[in-house]
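Here's what Swiss-Prot has on this protein:
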| type | residues | note |
| --- | --- | --- |
| ACT_SITE | 244 | active site |
| ACT_SITE | 278 | active site |
| BINDING | 221, 222, 223, 224, 225, 226 | NAD(+) binding site |
């Protein structure tokens with residue numbers, strides 16, 4: 001099998017064999033050989049050779065290829081959505097939205113480059129001040145499994161249109177989606193060496209991250225891995241490092257008139273994508289008293305009816321499987337640890353089959369857990385915290401080293417003003433789910449949730465560096481000389 005894409009051609013990997021599986025059926029979705037360290041080196045050197053011509057190509061020509069990529073994505077939407085659903089378990093309805101987001105990213109990235117970077121000129125008394133932006137060179141892109149098309153695409157598209165060349169290492173849990181995506185780039189006319197694909201597991205990633213010929217590393221994934229990368233590159237200021245990581249995100253419920261609307265947004269926040277969005281709400285803050293009791297009862301009632309099924313089921317389910325049987329078992333174990341620490345299960349999570357990734361949406365009350373662990377449980381496990389007053393809710397919501405997303409559901413505009421001023425997060429929503437984000441806005445967080453704003457509008461900032469020039473078309477001796485100079 002030819003599973004690697006190096007220097008414009010599909011080639012076989014020379015590393016160990018591995019496979020991805022459909023988490024809803026346990027069928028093999030993709031199999032092949034991983035990239036060895038030598039394969040990774042070939043990919044990086046191919047990108048290095050391609051950089052001079054690609055970066056010298058005019059911006060409009062680079063954008064034309066990206067636009068062709070977007071058009072082909074739309075033409076192949078159903079096939080790509082099926083590939084995403086097969087490897088991740090997410091339902092087709094949601095996988096289709098991922099492909100649409102991939103295509104839309106091209107126009108957003110082009111606009112972002114022109115508005116945030118690009119070229120600007122300002123006249124001076126004796127010349128012109130010019131601000132240009134230059135690509136870094138060869139950048140490594142590490143993709144996650146939860147959005148294996150959309151999230152790495154949010155690094156790759158702005159990197160390419162800025163003039164960088166890319167070596168892409170996708171998640172080992174979704175290699176088939178990466179292969180299909182790179183095939184679209186190839187068919188869009190991307191020159192050889194500009195985008196290279198190295199498949200593999202941990203050793204492949206280490207070989208790529210440790211290579212001395214990369215100029216940047218753009219990562220979307222877990223906070224633990226991102227933190228290790230941050231430590232690794234701490235002594236290398238020449239490497240641009242963009243990290244988008246996880247969050248222990250809070251959603252605060254106020255006393256609202258429309259309880260069903262609040263329950264809907266809470267379910268979307270906690271359980272969309274089977275809870276496998278980095279912006280999903282992990283901690284739900286519910287007021288004590290009669291209103292909180294009514295809200296919680298309705299939340300439990302609707303949650304108990306949520307269906308989970310295979311990605312191509314008819315009718316379509318709200319949730320699919322989580323990424324693997326192992327991930328499902330880890331979620332159940334996380335719930336058990338919380339219960340051991342004093343949490344009360346309201347809807348207990350169970351794994352349907354030990355071979356599969358199906359778990360039900362779960363709700364546990366952690367109000368009485370004395371030292372609630374500041375951990376991201378990446379799945380449909382909602383933790384309820386009952387609060388006495390609004391300031392207590394905000395204080396406990398901010399009691400985290402993360403800072404990705406936060407939300408408030410409240411009718412009171414004054415409560416919102418107070419919330420947005422005091423909450424600590426990069427994405428803060430009012431009467432919208434925590435995982436709702438505008439593609440035209442920066443995406444990312446503070447603290448252990450990462451740096452920069454990858455995968456969205458502000459990606460242009462880390463895909464090119466500013467180069468300032470003072471220019472004059474004519475070389476002339478100044479009319480006024482500095483003291484001590486004689487001509």
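Yeah, the Cβs are placed from backbone N, Cα and C, and that goes for glycine too.
Cβ neighbour count for residue 278 (active site): 30 (other Cβ atoms within 10 Å of its Cβ, all protein chains included). Here the recorded positions are 224, 244, and the one with the most other Cβ atoms within 10 Å of its Cβ is 244. Across the fold, the C-alpha of residue 223 (NAD(+) binding site) and the C-alpha of residue 278 (active site) stand 10 Å from each other. Rounded to a whole number, the distance between the Cα atoms of residue 244 (active site) and residue 224 (NAD(+) binding site) is 11 Å. A Cα-Cα distance of 9 Å separates residue 278 (active site) from residue 221 (NAD(+) binding site). The most densely surrounded of the binding-site residues 222, 223, 225, judged by C-beta neighbours within 10 angstroms, is 223. Look at residue 278 (active site): DSSP puts it in coil. A straight line from the CA of residue 221 (NAD(+) binding site) to the CA of residue 244 (active site) spans 7 Å. Between the CA atoms of residue 222 (NAD(+) binding site) and residue 244 (active site) there is a gap of 8 Å, rounded to the nearest whole number. Separation of the C-alpha atoms of residue 225 (NAD(+) binding site) and residue 244 (active site): 11 Å, rounded to the nearest whole number. Residue pair residue 226 (NAD(+) binding site) / residue 244 (active site) shows a Cα separation of 8 Å. There are 23 other CB atoms within 10 A of the CB of residue 226 (NAD(+) binding site), with all protein chains counted.
Neighbouring residues of the recorded NAD(+) site, listed in sequence order and excluding 221, 222, 223, 224, 225, 226, comprise 219, 227, 228, 229, 245, 246 (Cβ within 8 Å of the Cβ centroid).
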